[in-house]
Amino acid sequence: MNIDNIIVPLDVPNEAAAIALIEELPEIIWWKVGLELFVSCGPQIFSILKQRQKRIFLDLKFHDIPNTVAGVCRSAASYGVDLLTIHATAGRVALSRAQQAVLEGAKIIGQKPPRLIAITILTSLTSRDLAFDLKIPLELPEYVLQMALLAQESGLSGAVCSPQEVEQLRRVCGDDFLLVCPGVRPSWAEVGDQKRSLTPAQAIKAGANYLVIGRPITATADPREALRRICQEISGDQKEGS
């Protein structure tokens, strides 16, 4: 595990703020573009990142009928992004169509297709939310597993899950299935609205490929120092466990 496995969200309101954050953390390779920034400045953000040789995690969490998600995934892939998300609850047909569309979109520009990964369930939700609000009669870990298996069976590259589900998904889905984990909080940071969090070191030990770490880095007075502390915490834990 190294800094290339950390994804920092560009959870900022506009292009100027995005550029400022990117330049403040030059060592970060992976940046996540979510709904707020994409709605604010559109595909221009992709050019900004590519000019700086960054990799792009486009996290718009597509969720619609099969024809619509296929169209939007084809368009997204044609921009040359590296990772792309779709909700597993869009269903098997939509997932399969989206995966095929990603290949088609990448072919248009002659580039390697992005890896399409499924949102299993939002990391802000709890077992109680699943049972009482969403009326889903499964324990949360089982539900996440079923969504991940649906994604894998539909040809997707991986899934987004909380760190607490990583160990089970890695065991069942295998080493080639990409696991991306938001809801990661270092030992010294507040959990906030993430209900199923672990520390970066714990998530890595469980089998995560990429860690999405936002506010513990970006909401601090010194983001570079926060990033250094996170890397130090991970490195120290790995040395202790070796």
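Glycine residues also receive a Cβ, built from the backbone N, Cα and C atoms like all the rest.
Residues or ranges marked as active site, proton donor in Swiss-Prot (evidence: sequence analysis): K61. Shown in sequence order, L35, T85, I86, H87, I119 are the residues of the chain, 6+ apart in sequence, with a C-beta less than 8 angstroms from the C-beta of K61 (active site, proton donor).
DSSP assigns K61 (active site, proton donor) to a strand segment in the three-state reduction. The feature substrate binding site is assigned by Swiss-Prot to D11, K32, 59-68, T123, R185, Q194, 214-215, with sequence analysis given as support.
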